[in-house]
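Under the heading active site, acyl-thioester intermediate, Swiss-Prot lists Cys143, citing sequence analysis as support. Annotated NAD(+) binding site per Swiss-Prot: Ser13, Gly14, Asn15, Ile16, Ser174, Ala175, Gly176, Pro177, Gly178, Thr179, Arg180, Lys181, Asn182, Asn285, in sequence order.
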Amino acid sequence: MVNKKINIALIGSGNIGTDLMIKALRSSTLNPVWMVGIDENSDGLKRAKALGLKTTHLGIDELLTHIEADNIQIAFDATSAYVHEENNRKLQSKGVKVIDLTPAAIGPYCIPPVNLESLLSQTENQTQINDGSISGNLNMVTCGGQATIPIIAAISRVQSVDYGEIVATIASKSAGPGTRKNIDEFTRTTADAIEQIGGARQGKAIIVMNPAEPPLMMRDTVHCLTQDEPDVEAITASVLSMIEQVQEYVPGYRLKNGPVFDGNRVSVFLEVAGLGDYLPEYAGNLDIMTSAALCTGEMLARNLRSNMSVKDSHH
C-alpha cells in the first residue's frame, strides 16, 4: 500500500506539459495516466499516446468523466492563465488537487526551496478542517520566478530588501503560444511573488525572448537593493547555499557571476540549462518550471499517501 503511486493527469500538451510528462514518467511517486489537449495533431498528445497515456484532444471535460474510474488525485495544469480558473473549478469539484503551471495565481505561490514545506504543512492542517479549501491549488509562479525568487529570498533572509528586480531571457523557440499569450500575467505574477515569497518590499519582473539562432540558454539576472549596506559575507553564503538547494531538483541551474556588490545593490547572474527531456538543453525555462512542479507534486503525493495510510489504519 505504502509504495503505491498517485495517479495524475496533465492538462495542456504544449512544451511545458510534454516536458513535465517525460519527467513524471520517471517519478517513483507519481503515475501519469492522462494527457489532455485541444489540438489532436499536437506533438505532445502523440508522444503521450506512444508512451501509453490515455489522451484526449477534447479538453478537460472529457477527462472529468474518467476522474473517478482512473482515481486521478493530482492534476498539473500547463495551459494558460485564461483557462486555468475554469479548469481549476472543475477539477477541484471532483476532489482533485491542482498544481498550476500558468501565471493565473489562484492558489498560493510555491517556490519549493523557499516555502514548499510550510505550504504543505498548512495544507494538511486545512485539509483536516475543511477539505477543498484553497489548499487544493498551488501556483508555480513562472519560469523566471522559479529561477530568481530563491535568490531574492536568500538575500532577504539575511537583511531587508527594498527592491527586487529580475530579468529572465529565454529562447524564442522555447516559448509556445500559451507563454506568449501570458506575458502580462508573467510580469505581474512574478513581481507579486518577488514581494510575497522573495520578501522584497517592491518587485519588478521583465521577460525577454531572444530569437537568436542557435537558441541561447535561459539567463536570469537578479538585482536587489538592500535597505542598509549589504553584509557581503552573509549574503554570499546565503546565496550559494540556496543555489545548492535549487540544484538538487534542477541540476542545470548555475551561478554565472556574483553576487556582485555595488553600494546597496546586489546583483546575481544565473544560467539555467535544461535536461533536454523535450526541448534541447537551451530551454532551461521549461526545466525549472517542470522540475519545481514535479518536486511539489511528489511532496503532495507523499502527503496524500501518508494520509491514506492513516485513514486505512483507522478502519
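Numbers run from 1 along the shown chain.
For all residues, glycine too, the Cβ spot is worked out from N, Cα and C.
Overlay of Swiss-Prot feature records on the structure.
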| residue | record | Cβ contacts under 8 Å, 6 or more apart |
| --- | --- | --- |
| Ser13 | NAD(+) binding site | Met35, Val36, Gly37, Asp39, Ser42, Asp43, Gly44, Leu45, Ala48, Thr55 |
| Asn15 | NAD(+) binding site | Ser174, Ala175, Gly176, Thr179, Tyr278, Leu279, Ala283, Leu286 |
| Cys143 | active site, acyl-thioester intermediate | Ala168, Ile170, Met218, Asn285, Leu286, Ile288, Met289 |
| Gly178 | NAD(+) binding site | Gly12, Gly14, Ile16, Ala78, Thr79, Ser80, Thr102 |
| Arg180 | NAD(+) binding site | none |
| Asn182 | NAD(+) binding site | Ser80, Ala81, Tyr82, Thr102, Pro103 |
- Note on the structure: Counting Cβ atoms within 10 Å of each Cβ, the densest environment among the binding-site residues Ser174, Gly176 belongs to Ser174
- Query: Taking Ser13, Gly14, Asn15, Ile16, Ser174, Ala175, Gly176, Pro177, Gly178, Thr179, Arg180, Lys181, Asn182, Asn285 as the record's NAD(+)-binding set, what's the max Cα pairwise distance in Å, rounded to a whole number?
  - Reply: 16
